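Reviewing the structure listed below.
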Amino acid sequence: MVLSSGSPIPAIRIGYGEDAHRLAAGHSLILGGVAIPDAALGTVAHSDGDAVLHAVADALLSGLALGDIGDYFPDTDPLWAGLDSRAIVGRVLELVRERGYAPSNIAVVVTLDRPKLGPLRSQIARSVAELLCLPESEVGVSFKTSEGLAPAHVQTRATALLTRIAD
Ligand SMILES: Nc1ccn([C@@H]2O[C@H](COP(=O)(O)O)[C@@H](O)[C@H]2O)c(=O)n1
Ligand SMILES: C[C@@]1(CO)OP(=O)(O)OP(=O)(O)OC[C@H]1O
């Protein structure tokens, strides 16, 4: 199979996504589909504010030049208020598969000062992996602090490797 340009359809494609949310008291903190216990601050967002899943979804979309989640779930649409971000990933996975690709592995970096997330690494990786129908071993999750530079802020970055599964 070739593209209209005459180039072969790529067997693998790389995607990259980011997200950031302000943190405030009285909001929940959900990362990768996991509700973080004992978080003093949570994300201020239109949806459930899951910055890990937003970055992962954007990474998948960008790998196929399909825009970003705001194109599919505008934050001006009341329909998406409080949206469970697992639904965003589910829809994005459908779009990826419709184009003949599937995610092979994902790497996520979360920059957050508190709480310490290391003890939840496996739970978050497993949750993201389940959403993408991947083994846990294919989802890498790293945590960083901002060294106190952004204590009321969560920042996420994700890369996705997409592999062609159909012509
Ligand atoms: N919310 C976080 C942030 C970081 N960690 C872990 O702490 C270690 C040191 O982080 P630095 O930003 O100071 O390099 C690192 O091993 C992180 O995994 C964490 O568990 N939770
Ligand atoms: C998820 C959406 C839609 O509810 O809103 P937010 O929760 O504010 O999150 P953001 O990362 O700004 O992505 C835009 C929107 O698609």
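Glycine residues also receive a Cβ, built from the backbone N, Cα and C atoms like all the rest.
Curation plays no part in TrEMBL annotations; they are all automatic predictions.
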Of H54, H153, residue recorded by TrEMBL at the divalent metal cation site of D19, H21: H54
Integer average pLDDT (0 to 100) for the domain '2-C-methyl-D-erythritol 2,4-cyclodiphosphate synthase' (12-160): 98
Candidate with sparsest Cβ neighbourhood (10 Å radius) among S47, T145, the listed recorded positions: T145
Protein Cβ atoms within 10 Å of H21 (4-CDP-2-C-methyl-D-erythritol 2-phosphate binding site), excluding its own: 21
Pairwise CA distance, H21 (4-CDP-2-C-methyl-D-erythritol 2-phosphate binding site) versus H54 (divalent metal cation binding site), rounded so that it is a whole Å: 10
Number of helical, extended and coil residues in the domain '2-C-methyl-D-erythritol 2,4-cyclodiphosphate synthase' (12-160), per DSSP: 51 helix, 45 strand, 53 coil
